[in-house]
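> The structure under discussion is supplied below as structure tokens; questions concerning it will follow.
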Amino acid sequence: MEYPGNLFVVAAPSGAGKSSLVKALLELDARLAVSISHTSRAPRGQEQHGREYWFITPEEFRAMAERGDFFEWAEVHGNLYGTSRAGIESRLQGGEDVVLEIDFQGALQIKQLFAHAVLIFILPPSWDELRLRLARRGDTEPEVIAKRMNNARLEVAQAQHFDYIVVNAVFDTAVFDLKTIVHAQRLKYAAQRRNRSAVFQALDLP
Ligand SMILES: Nc1nc2c(ncn2[C@@H]2O[C@H](COP(=O)(O)OP(=O)(O)O)[C@@H](O)[C@H]2O)c(=O)[nH]1
Ligand SMILES: Nc1ncnc2c1ncn2[C@@H]1O[C@H](COP(=O)(O)OP(=O)(O)O)[C@@H](O)[C@H]1O
């Protein structure tokens, strides 16, 4: 599938800093919007329906999957997560850029569907630092941390399939790396589509 808008997919092991980085990137770049996924998991803490996720039942999720309402979906840590077509198709068709914050299984499905999607994997600077970030965020149960650290090793093994790897050591440096990838892709894709005005726009030229 090919749409005029750019599609950026960001994946990471839990605790690496993906949500914080994407949030900072969106604040710097008004032309990016994040896609809100559907999930069968229950809301946690302050989470709101339609803000962090669209929270639905496993039955509703399965029905949507059977109808083909998702571009991709996957089971992650025992819950179902998916990117709905309705959420991003019109934006991409309108030439606007979209960021997907999804797991590696979903990222690889998206690359099959959209050859021009850019896959970015966020790595923590070390396993020790990942453990510290999980603990600092409030995941303090030893079993929860152990499970996430085990999953992290499996997820990091998939980083080779991604277009870029960003190491989130110093936060602002990692945000800058993401910004550079987004900027470079906008130029490349606009040039590929022979869209001169989009190249000028990406360069902020009049
Ligand atoms: N494939 C896929 N994965 C998703 C989607 N939305 C969120 N995820 C991933 O599901 C995992 C769990 O997310 P979440 O429950 O919010 O957070 P966590 O439990 O704190 O890591 C993360 O790796 C997310 O990136 C989606 O639409 N599709
Ligand atoms: N570069 C960084 N240095 C130190 N702490 C960080 C950095 N990036 C993120 N964090 C912290 O690590 C924790 C996990 O970040 P979060 O964005 O929730 O991760 P993810 O979305 O990948 O699960 C949060 O407490 C966040 O403030």
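Note that Cβ sites are derived from N, Cα and C of the backbone, with glycine treated the same way.
Any TrEMBL annotation is an automated prediction that lacks curation.
So TrEMBL lists these for the protein:
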type: DOMAIN; residues: 5-183; note: domain 'Guanylate kinase-like'
type: BINDING; residues: Ala12, Pro13, Ser14, Gly15, Ala16, Gly17, Lys18, Ser19; note: ATP binding site
> Which binding-site residues from the set Pro13, Ser14, Gly17 have a C-beta atom lying less than 6 Å away from ligand 1?
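Checking each Cβ against ligand 1, the ones under 6 Å are Ser14.
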> Which residues in the same chain, at least 6 apart in sequence, have a Cβ under 8 Å from the Cβ of Ala12 (ATP binding site)?
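Residues satisfying the criterion: Lys18, Phe121, Ile122, Leu123, Glu155, Asn168.
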> Across all the protein chains here, work out how many other Cβ atoms are within 10 Å of the Cβ of Ser14 (ATP binding site).
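If we count other Cβ atoms within 10 Å of Ser14 (ATP binding site), we arrive at 21.
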> Need the DSSP three-state call for Ser19 (ATP binding site) to compare against my parser.
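The residue in question, Ser19 (ATP binding site), is helix (DSSP, three-state).
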> Please identify which of Pro13, Gly15, Gly17 has the densest Cβ environment, defined as other Cβ atoms within 10 Å, among these binding-site residues.
Pro13
> Please go through the binding-site residues Pro13, Ala16, Lys18 one by one and keep those whose C-beta falls under 6 A from any atom of ligand 2; give the result in sequence order.
Ala16, Lys18
> Does DSSP put Ala12 (ATP binding site) in a helix, in a strand, or in coil?
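The three-state answer is coil.
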